[in-house]
Structures are given as C-alpha cells and as structure tokens.
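In TrEMBL this protein carries:
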type     : residues : note
TRANSMEM : 22-45    : transmembrane segment
DOMAIN   : 23-482   : domain 'Major facilitator superfamily (MFS) profile'
TRANSMEM : 170-192  : transmembrane segment
TRANSMEM : 198-218  : transmembrane segment
TRANSMEM : 230-253  : transmembrane segment
TRANSMEM : 259-279  : transmembrane segment
TRANSMEM : 300-318  : transmembrane segment
TRANSMEM : 338-358  : transmembrane segment
TRANSMEM : 365-385  : transmembrane segment
TRANSMEM : 397-417  : transmembrane segment
TRANSMEM : 424-443  : transmembrane segment
TRANSMEM : 455-477  : transmembrane segment
Amino acid sequence: MPPAAERVPWGWLAAGRASRRLVLVVVFVALLLDNMLLTVVVPIVPTFLYTTEYEAANSSVAPAQAEPAPPALKAPPFSSLFSYFDNTTVTVSGSTSAVDWVNGTESIHLPQPPTSSPPQPSGCPEGEEFLTEENVRVGLLFASKALVQLVVNPFVGLLTNRIGYHIPMFIGFTIMFLSTVMFAFSGTYTLLFTARALQGLGSSFSSVAGLGMLASVYTDDFERGSAMGIALGGLALGVLIGAPFGSVMYEFVGKSSPFLVLAFLALLDGALQLCILQPSKVSPESTKGTPVTTLLRDPYILIAAGALCFSNMGVAMLEPTLPIWMMRTMCSPKWQLGMAFLPASISYLIGTNLFGILANKMGRWLCSLIGMAVVGISLLCVPLAKNIYGLIGPNGGLGFAIGMVDSSMMPIMGYLVDLRHTSIYGNVYAIADVAFCMGFAIGPSTGGAIVRAIGFPWLMVIIGAINIAYAPLCWYLRNPPAKEEKMAILSQECPMQSQSYRTQRTLRDFPLADDSDMEAEDAE
C-alpha cells in the first residue's frame, strides 16, 4: 500500500482529535447512555419486584390453603336432578355449595360471592400494603446512584485537575458497561441495588469529566452556552428514550433485553472514546484550580447549585412514586408506567436546545427564575390527573421548565468561575453534579416515606411549593460582581460584559495532539 494511502486514516484521526465538535459528540453520547440507564429502570423495577416478590409469595401460599371439600358435604347421586313436583326448598346462604336432606326434601345451598367489599377493577394489582412499602424500597434503590455520586464527585474533580479529563472519562465508560450488564442479569433487590450504586460511580467520572472538558474547550461564554445546551440535549434524549424504551421492551421482550441493548451501545461509545480522547495520555492542568471549599463559600455558586438541586428534585420524586400511584389509582398496565414520562422527556429535549441559545439573549437568571416557578406549578397539577392523558400537561410543563433551568445554570457555573475564581472547571462542575445528585438522592429516598405518611398529592404540594419559593433567589445571579484581582485581569484584555466575554486564557484547540502545548507556548 502506498505511504500516502496509509497516512489518510491517521490524518483523519489526528484532525478529529483536534476538533472541538467531536469532543462535544463524545460528551453527548456519554450523557445519553448514562441517562438512558438512569430512566430505563423506572418502569421496570416496581413491576419486577411486585412480580418476583408479592405474586411469587402468594402463588406459593395458595396451594397450601386449597383443601378438598369434606365428604359430608358432597351431594348424593343424581342430586343435580331437580323435580318441580317435589316440595324442594332452595335457599341461598353463604359462599359454599352444599346439599342437605330435610324431611325427605332436598335443600341446595348455592355459592354466592362475598358482598362485604366491591371487587377490584380488572387490571388493578392486589396488595395495597405491599405497594405502600414498595414506595420506600424503590425510592432507596433509585437514590443509591445519587448517593454514591455525592461521595465520589469531589474526588473526581480533584482527579481531573491532576491527570486531565480523558482517563476519568474512559473509567466512567468501563464502570457504566459493567453496571449495565449487572442490571441485565440481576434477579433480586440486593443485586439491583448494587448495580444502581455501581452506575453512580461510573456516572461521577463521566459527567464531571465530560462537562469540565467542554468548559475547557469552549472558553467563549456564548459558545459555551450553546455547547452545554447540545450536551444537555444528550441528557434529555437519554431521559426521553429510557423510560418508554424500558417499559415496552420489558412488556413484550423481557427484563434483560433493554439492558443488553444499552451494553452494546456502551461498547460503541468506548470505541469512540479510544479513537478521539486518547485515554492513556495524562494531561494535567497547568494552573492549580480553586479548591472546592472556596467555591462552596461563594454565595452565587450556591444559589446556582440550589436551583439545579430543587428543580430536579421534583422529577426525582416522581420516578419511584408516580408508577406506583398509577398502579393503585389508574390500574395502568406496564407499558403506560414508562409512557407517562414521555411528555416530560420530549419537552425537556426541546427546552434544553431552545434555551441553550435563547437564555444568553434574555438573561440566564430570568430563564431560571421562570423555569423554577413553572416547575412548582406543574408539580401541583400532577395529582389532579385521573388517567394517563391527564398527566400530559403537567409532565410536559415540568420537563420544559427543568430544561430552562439546566441549560441556564450549567453555563452560569462556568461563567462564575471565570468571573470570580481560577478558570479551571473540574471542581465547579463537580459541585454542579453534586447539586444535581442531591436532588436525585433526597427526592426518591424521602419521597417514598412521605407518600406512605401523608400520601402522593401532599408530596407534590410540598416539592412544588419549595420550587416556587426558591425561584426569586435567581434574581441575585442577574449581575454577579467579579473579584478584584479578576476584574484587573479582565479589564486589561477587554471590558467585562454581563453576558459575553473572553477569559484570560488564550483560546486554542482542544489539547489532544502531542504538539499542542508547544503551540500554546508559541502563541503566548
């Protein structure tokens, strides 16, 4: 083969490694798969546990309770023959059939269904007490992922500052693949809990490294907002596909099928990362980032993190409780339990892509304020639904509003670090992911207990009121002040603008090529 022909693939690969768009594609796919796995279990776990535990236990008890009728109650031969010429009295009493002979006449006791309680509608699951207890167990299982992320995220932020973003990103893929395979073959609550916690570990590496990588590549505020909107579109698409895909596959193919499909897609993502990111290369940041403790003392970062936490806490509380509430009140089949989240997912996808660009023009603080208010109103309307069609409006508004908040707050996090701290993004996006995970940890774990104590409607009232009350705090993000030393640096290069500016670092291509560091030094 001619040497020129051999260099063509390698030249394309080198050009791809220097492309910011391909980096955005890698992060998009990673967030897509992470959130597909996040939501694909939402309709599967409640019905799977109900089938394997409650119905299996009852089916094993039922044969032991079935006993043959006593011989004394058996009808004599030809008892089915009935003559109108005999003075036979027919009485209906009780729920068992028996034949007695009184004064030479035959008295037949026919069976009658009990009338103490009305029969349950067809399709409604039995076991009210089991479903009530299952709210808590399913909530804890869903919350285990976020709890693990809460613990691991700060360490991943420090790790990205020391070795770069490429290796943590690939570690996240490897752990996610193992978690997906474990979900496919888990048959007990304990194994499902372990797989969910393992997913949280992999998600910590993928999300923190991915968002930090995007912020380091797109240093212009406007471009960063657009890139974050596209990346969050991958998150939204994963949420969109996950729940309906899981419910349909579980209903018509089986429990393992959706997880095996996701495992195959994860392998493709790993191959893409090997080609684009070079995960064997250590590329630490040249500047030491601001410590997490310093960032946590910044009130503006805390307000942004709180908005992320409380807005996502609403949908986090819905994930374990809404399917069980639908099973109890609407007698919904399995496929509807996942389809109920479809309006929220579609509107979230629209909201993140629309406001990734629009929020920069109208003000990200205003988008967040309106979004949190709409989140609260939508949650208050959820218990008013009488069937799955009544959930379309509230869930659609909920997803659109959360898209407004997420697509505004993620770029604000990077903006605040550029404006008030050192422009190293691993730690601040670790904080953003911690805030996101706190919503998904506190929401499911407390939501099930609140439903058991005071009911599902009051749960929606509580979290809806919290979002409406928190919304005015977003006003403080309208024009955050810069630190004095940062103000001096920025004023030397260009006047600081409230929405678009350039950082003190020179904009350069993504440092994936070996000679990129030398090019940066020459540019300086």
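Using the three backbone atoms N, Cα and C, a Cβ is placed for every residue, glycine included.
Against the transmembrane segment (230-253), stretch 22-45 has more CB pairs under 8 A than any other of 22-45, 170-192, 259-279, 300-318. Sequence-remote contacts of a segment are chain residues at least 6 beyond its ends whose Cβ falls under 8 Å from one of its Cβ atoms, and for the transmembrane segment (198-218) they are 20, 23-24, 26-27, 30-31, 34, 37-38, 144-149, 152-153, 156-157, 160, 165-166, 168-169, 171-176, 178-180, 182-183, 224, 226-228, 231, 410, 414, 425-426, 429-430, 432-433, 437, 510. Using a Cβ-Cβ cut-off under 8 Å and counting only residues 6 or more beyond its ends in the same chain, the transmembrane segment (259-279) has close neighbours at 13, 16-17, 22-23, 25-26, 29-30, 33, 36-37, 40, 166-167, 169-170, 173-174, 176-177, 180-181, 183-184, 249, 512. Tallying C-beta pairs under 8 angstroms between the transmembrane segment (22-45) and each of 300-318, 338-358, 365-385, 455-477 places 338-358 first. Sequence-distant contacts of the transmembrane segment (455-477), counting only residues of its own chain at least 6 positions beyond either end whose CB sits under 8 Å from a CB of the stretch, comprise 299-300, 303-304, 306-307, 310-311, 313-314, 317, 321, 325, 364-366, 368-370, 372-373, 375-380, 382-383, 412, 443, 447. Here the transmembrane segment (424-443) does not lie next to the transmembrane segment (338-358) in space: the count of CB pairs under 8 Å, restricted to residues six or more apart, is fewer than 3. Sequence-distant contacts of the transmembrane segment (365-385), counting only residues of its own chain at least 6 positions beyond either end whose CB sits under 8 Å from a CB of the stretch, comprise 307, 310-311, 314, 318, 322, 355, 358-359, 391, 393-395, 397-398, 400-405, 407-409, 412, 456-457, 460-461, 463-468, 470-472, 474-478.
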